[in-house]
């Protein structure tokens, strides 16, 4: 029996919400486990990254100085991201795909080995786990190598690949939560604005990357989370192109990338034979989140698209799960991790805001059927709910509870 519209939409959304929620939850646990016992939000950050090259925040600085320094840090970081993105666009334009793939593999190895290793060592020190340096190195090396092979290898169980993608997001997000408070909030807003411009503005680097990949009928080499395995079988001679949209990550920016089905030809004979066994059927079973296809593209997910034309023409069997860029995991988790440095009430508010924004993005994709940025709605709602909860809701609840007006 065909699933109802609500049930299908729920399956599509849960496939994305679950790993994002797990990533945010584990980042919050790490923040609480590794933060200082007194006031983690007031601690001075001693890390030096591209996000705080210009200004190092100090608790003794005034609010105006912190805001000015945070704006400068965010500006420099966004400019660096734009330069790197244009460089990647240039390399991709000149067909340096092999170099980009190796660069992506090295990035995953570096994140798991350095950032993941730093978190691992911090946990060992925090909980006084008895382990010698040799054993620690072997465990970390094996974890890193297996992670790279799982993310980029073939024939790997999907659950293993998904788990390591979540680990990558946790490692980067937990590291970025060490940034100063003002720099973190301004940086998140700046990245959301940059994402909006880079994807939707004419001449935007991510927009050009998406259009170039679509014209070549191939996917961009990037770290992408797959909700489930993807298989496509295609036969026929019409040569038409049908596009779907998926979330991908280029550098630290996130966009929804249009990808052709033609570059996903797998198991053609098996799927065609299976389709013939079931008999001819002109009906198409589509996910409610799927558009009408065509040159403009579909949307995030195409769950089951089964077509069998007994009178000739194309036969296409496709399964396309929702694919979410690693940058989404990272910046959603950074927002929630920073909120966890204040109290749990802001964590709940930010989590609900991010999940709501992600759901709105998926719905907008089904309506617009064009590439849309994945960060702006969720980040905007998350930042707004954080400050509303911290400045309005918490004082009200604490005041009423203190005066025995609410229990």
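Residue positions begin at 1 at the first shown residue.
Backbone N, Cα and C define each Cβ position, glycine as well.
Checked against TrEMBL, the range among 43-64, 131-152 recorded as transmembrane segment is 131-152. Your range for transmembrane segment, going by TrEMBL and the list 182-201, 202-221, is 182-201. For the transmembrane segment (345-365), the list of distant contacts is 12-13, 16-17, 20-21, 24, 28, 245, 256, 289, 299-300, 322, 328, 332, 335-336, 339, 372, 374, 377-382, 384-386, 388-390, 393-394, 397: same-chain residues at least six beyond its ends, Cβ to Cβ under 8 Å. Among the recorded stretches 12-32, 131-152, 371-388, the one sharing the largest number of Cβ pairs closer than 8 Å with the transmembrane segment (182-201) is 371-388. Only residues 6 or more beyond the boundaries of the transmembrane segment (371-388), in the same chain, are considered here, and those with a CB under 8 A from a CB of the stretch are 185, 188-189, 191-193, 195-196, 198-200, 206-207, 210, 245, 247, 254-258, 297, 324-325, 327-328, 331-332, 335-336, 339, 346, 349-350, 352-354, 356-358, 360-361, 364-365.
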